[in-house]
Amino acid sequence: MDATMSAAAAAARAPAAAEVTVDGDPVKMRGDKVKVFYGQKQALFDVDLDVRERMVTALIGPSGCGKSTFLRCLNRMNDTIDICRVEGRLTLDGMDIYDPSIDVVELRARVGMVFQKPNPFPKSIYENVAYGPRIHGLARNKAELDDIVASSLQKAGLFEEVKDRLDAPGTGLSGGQQQRLCIARAIAVSPEVILMDEPCSALDPIATAKVEELIDELRANYTIVIVTHSMQQAARVSQRTAFFHLGNLVEEGPTQDIFTNPRDKRTQDYITGRFG
Amino acid sequence: MFWTSLLILAVVLVAAFVFGRIRAGQVVHGDVAALHSLPSFHGAYLAIVTVLPAFLLLVVWTIAAPKVIDSMVIAKSADAVSGLGKPELQAFIRDARAIAFGGIVGFTDAAKEQAASLYRAYDELSTQALWASMAILAIAGFAFGAKRISPRMRARHVVERTVMAVLIVCSVVAILTTIGIVLSLIFESLRFFEKVNFFSFVFGLEWSPQTAIRADQVGSEGTFGAIPLLAGTMLITLIAILVAAPVGLFAAIYLSDYASGPVRAVAKPVLEILAGIPTVVYGFFAALTVAPAFRGFGESLGLSVSSESALAAGVVMGIMIIPFVSSLSDDVINAVPQSLRDGSAGLGATRSETIRKVVLPAALPGIVSALILAISRAIGETMIVVMAAGLAANLTVNPLEAVTTVTVQIVTLLVGDQEFDSAKTLAAFALGLLLFCVTLLLNIFALRVVQKYREQYD
């Protein structure tokens, strides 16, 4: 009764168009009965998940549970896989991102992605960051582009380390620096959401700590969804956690609740290390 | 004799291998794990020590024996040959050998008959000595090797080292052959440059290799200026690349990044069939179909197109090298990691932006080497230009006229009965050397370009 009341109150407070969750947080992206098929094989079953604005949502679960698949649905990276088919409804600010009228290029400019393995382009550090702004025409002249590159590198915490060698190849950086370069590259197109697919799995602990710190800072301006295999990492960086198992979303809630007081037996087994 | 010996050695080799294998098993009473090396390594080891020395002896003997016998025969028949000059001595030896072993004999006399019987005797002796020594070597090697088969014997190391030696010998053969060909080109070219000034060859603007065959004939001296030929080669190659580079590259991009799996599985092999068409087929296709079509089309526009035009030859040659460009480029484009494409797509780049700005720069070194390979093929290609480009050494950049190429001229210089010490035939070697140098320079230049602009991905 109480919950219903407060939800109704929250709905009343929020602007008319914006969606909110039952507990009043603004929703950036919403999955509604999302089903994904790879050929005949179904990889996701009716996933309902809200991604809350300016929060870090962690997707956890054993390998093959569908968490990366769900992440890749959020900016339609699955489009590149011929046999992949997505059903259900996925929205960004209430807009259906699988609607035929949606330009996938625009969507990806708003929903950026950082990959598991650092994949800087074989170009200079500067060119790596300038790539996105160039293709989207975000800078009117060289000075503006320079500003975007510098501020993106700053936000990614990489500027101090590379400011004297922006012309050096991005592939020459260390693994951790490369991953922060990829984050800077994603930030440079001013996305609203940043998707991260196990961004630290190829990094050593120190580089991982830096990237995690960075994720925490980015939360102030961006909505972040991160897939991770490390439950400690999920606990450290996220505010919300979603647990996937065998293509189902088992439960989703505040990170602290999930780790201290899981409602589902499977979640409890997973976080206590009984499987996965 | 050589082949018989080789066959016997092969049989011995197999026998030694089998024996060594069995023996190794017996030494440890079937407990193979007690051996340092597997039984087959022991077999191979025994085969090597048995056969290799005898084989090397056979090779050396086969090469050296005739010369040794020659000098022995000459020493024995000193009376008959003392007064002879070098060509006569060679004729004497040739005839004596022919009498002894069968063949066409110039004329016979008593001295030659005597020399021939010496040849027969020495040859028999040589064969017997060779077989005896080979048998001794093989038996000694076999005894030595068989005795050494023991659990601690490191047969594997010996075998691996022998394999490495064989590999080295093979690569040395390949390298020496190349060096030999280049050296022979250089020396024959030097003989040419004794007759024709080097600079008038390399920078000469007129090519007219016809020389008087007999002293009383009226004929020109022959001018050997290679520039028209080089210009013709370059013109045709340029046309070919203008055809093949865009078509091949775009086909490769389609195949690697746009085509679906089934389309690719069919289209790529079909494109590669194009590389399997014999060049002579392309040649008459160019001469009989394309060239007349171009001429007809040109005439309808009021242009005068010669019936053997650089354009026709170049276009057909371009079609011929499309598969080189497309197939190799497709491979290197495919080798660009998917993660780079994903990274670009994740930033909101379209597929064509991704290809232009990420994939192609990353694949550039491979694409350039594909183009270079194609250009080398085009420069060295002969059949199409012989049939479709013509023989007239015009110095022109007009693709509608007939031009000739270096390869065409080499063919015409050497076809038919020729004496091999005239400037005309020696010019073929000089042209070959020139072609080789041009291709080499092109390769070096391309390597530089690639190193400068390469974008390393890992």
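Each position is counted from 1, following the chain as shown.
Placement of Cβ uses the backbone N, Cα and C atoms for every residue, glycine included.
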Task: Feature transmembrane segment in TrEMBL, mapped to one of the ranges B:101-125, B:301-325 - done: B:301-325
- [ ] Report, as numbers and ranges, which residues of the same chain sit near the transmembrane segment (B:129-146): CB under 8 Å and 6 or more residues beyond its ends.
- [x] 1, 5, 9, 12, 16, 19-20, 23, 45-46, 48-54, 57-58, 61, 65
Task: Spatial neighbours of the transmembrane segment (B:43-64) far in sequence, C-beta under 8 Å, 6+ residues away - done: 2, 5-6, 9, 12-14, 16-21, 23-24, 37, 126, 130, 133-135, 137-138, 141-142, 144-146, 149, 153, 155, 158-159, 162
Task: Tertiary contacts of the transmembrane segment (B:166-187) (same chain, 6+ residues out, Cβ under 8 Å) - done: 429, 432-433, 436
Open item on the list: Between the transmembrane segment (B:273-294) and the transmembrane segment (B:427-450), are there three or more CB pairs that fall under 8 A, provided the residues in each pair are separated by 6 or more in sequence?
Closed with: no
Open item on the list: Quick test of the contact rule: Cβ under 8 Å, at least six residues beyond the ends. What residues does that give for the transmembrane segment (B:273-294)?
Closed with: 305, 307-309, 311-313, 315-317, 319-320, 322-324, 327, 381-384, 386-388, 400
